[in-house]
Each structure stands twice: as C-alpha cells, then as structure tokens.
Amino acid sequence: MRGYPNFTLTAQLPEYNTKFRLKPQNELNNLAKKVLQLEAEAIQGVAAAIDRTPDFAQCVEAILSLRGRVVVTGIGKSAHIAGKMVATFNSTGTPALFMHAADAIHGDLGMIQAGDFVIAISKSGDTPEIKVLVPLLKRKGVPLAALVSNADSYLAVQADYVLHAPVEREACPNNLAPTTSTTAALALGDALAVCLLESREFSRQDFAHLHPGGMLGKQLYLKVGDLSRQNQQPQVSDTAQLKEIILEISGKRLGATAVLEDTGELVGIITDGDLRRMLTTYEGRLETVRARDILTPSPVTIDVEDFAMEALARMQARNITQLVVTEQGRFNGFIHLHDLLREGLV
C-alpha cells in the first residue's frame, strides 16, 4: 500500500519581536497627536481635491440615477474600508453590496448586474487584482468610480469618475502600514454617503425604519403603544368610592387611575398624590368621597401612535411620571416613566 512520502518542513515563519522599550507618557502622547495631525491634514487635502474636478458631484448624480446598486470593491485594508462604506450606504438609503477584489476574479463578479455602479478603492490604483478586474468591469458596461490616492494610476485612468484622496505619507513611521490613506478613503466615503442621503432628503423617520434595533432604533422607532399595551389599564367610574379607587391604584401599580364617565369618556386622573392631599381636605368624612371629587381634570395625554421619546419629553416638561394613553381620543391605558427606564430611553 502506497503511503505519503516523508517530508520535513524547513521554512520557518518569522517570529514577532517581543522586545520593546516603553516610551515615557509624554512621548507616547506626542506620537499619538502626530498621527492624528497627519490624518487630519490628509482629510483637509481630500477636501481641497474635491474642488479640482467635477468628478465628485458627477459621481453623486450618477448614483442617484441608478436603477441598480452600488458595488464597492477593494483588497487588503481597502477592502475593510469598502465594507464600511457599504454598511453606511445601506443604512442611509443607498442600496449597496461589498465585493472583495480577489474574490471578484474568482466568481463573485457575477453579483454585478446591469444598472449597477462600481466603486473601486485602491491607494496605488495599480494592484494586480485591480488591473485584472477593471477590464472585466468594462466588459460588463457598468460605470466605474476610482477612489485612489494616485490620480495617474491605471485604475484612475480607466475609471469614469475619480474620487481623489491624495496622501503624502502614512502615519506609520516606516511609511508602510495603511493608516493615513485608509482614514482619507473612509472620510471621502462618508462624504459621498452624506451627500447622497441629503440629496434623497433622507429623514429621521427613514433612518428609523432601517434601524429598528438597539438604542438608536428605540429612540427613533419605539411608539407609546408598544410600551403601554404591556401595562394594565387602571380605571374607575366617576362615582367610585375611595376604597375602590385605592384598590385600583395599588393593584395596577402605576401610581394612578383614569376616571371615566359611564360613556367611557375620560374625565380625569387620580394619582397617589391626589389621595394624600385628599386625606387632609376630607378628614373625618372619607366615606363621602367619590372619584369626581378628587380627580385632576384634563390630564396630560399622549396617543398610542406617538413616539416613546415624545412621552419622555412631556413627562420631563411637566415633572410627572405617567401619562394617560389615548387611541382616537379614547382612553387606552397608561405609560409610566419606569417603562421608558426599562427600555433604556432615560
């Protein structure tokens, strides 16, 4: 039976340098500030480059008129920037896909359809994978924008639009690790995304529809009815006696009860505070007290379709802890400050 031949692995992988000299705090701080200054200057250079050609504005116009999607591609660190651009586009109303440049020439090119728009990110604009990819994109007939540092590169010359992100040097002391160049590309991608969302008049409500999860989604999307329906609905008639009022408030644990007429019409609210004040006013004749005698008329209300953040604003403005919830003008329940606290909105 034939076996596998014996072999010896002779190549050795380079070891990480475990030696280091910890610099003093002031040196580290100065180095960090130098990096940030270099990257800030690079972004200023990108901003200045926008005015030198009409390409940026034309690129925005072309994307707005698309029937398809924006496909963003790159390799290495540029691929990570491409992924972030795609995420920002999708979350702000511009449908987008990420395509790794290396995978594109091994089948992923099939994701590109007629009507799409491609943005290729490359600092040099001359990487081998990009040089292979560009003719294939041309053959598909899709418009191509080059986000490059080198405006004279192969990619820039072949592209329909050049998004120029000039960078003199990387923040890396060896001028090798992509640092300044990736920051510049990321910032230019953000500028493109914001111009697109402004042009689409993308609103807070539009944003909320695409971000239903997490704290941001709750602030923009969560409605009063989503919270109030979890609560019981304390209510008494306007003729209810004191014992019934107390049992209703304590049993439903919202610190208040609505007071309704026989027709179901809301006429007021009774809170824990109203009960405490009533003890002084009606001392010695508590058995005569009816709900209509101690209610607070015209309570602050909010509709089930209003946003939960609006409920918080009304509570804060009036220094109260609960609101009566209505639906089409009829009593529907309560929303309490604790509901908002539980959702992390406070």
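First residue shown is number 1, and so on along the chain.
Note that Cβ sites are derived from N, Cα and C of the backbone, with glycine treated the same way.
Predicted automatically and left uncurated, TrEMBL annotations should be read as such.
The Zn(2+) binding site annotation in TrEMBL covers H100. Annotation source TrEMBL lists substrate binding site at H100, H106, T239, D293. Residues or ranges marked as domain 'SIS' by TrEMBL: 59-202. According to TrEMBL, the domain 'CBS' annotation covers 227-288, 295-346. Annotated site 'Catalytically relevant' per TrEMBL: K77, E129, E170, H211, in sequence order.
Structure with TrEMBL features highlighted.
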residue	record	DSSP class
K77	site 'Catalytically relevant'	helix
H100	Zn(2+) binding site	strand
H106	substrate binding site	coil
E129	site 'Catalytically relevant'	helix
E170	site 'Catalytically relevant'	coil
H211	site 'Catalytically relevant'	coil
T239	substrate binding site	coil
D293	substrate binding site	helix
Pick from K77, H106: which of these recorded positions has the biggest number of other Cβ atoms within 10 Å of its Cβ? K77
One finds that other Cβ atoms within 10 Å of the Cβ of D293 (substrate binding site) number exactly 13
Give me the count of other Cβ atoms within 10 A of the Cβ belonging to E170 (site 'Catalytically relevant'). 21
Provide the number of Cβ atoms within 10 Å of the Cβ of E129 (site 'Catalytically relevant'), excluding the reference atom itself. 19
Cα proximity to E129 (site 'Catalytically relevant'), best match among recorded positions K77, H100, D293: H100
Work out, from DSSP, the number of helix, strand and coil residues along the domain 'CBS' (227-288). 26 helix, 15 strand, 21 coil
Relative to the Cβ position of T239 (substrate binding site), how many further Cβ atoms are located within 10 Å? 12
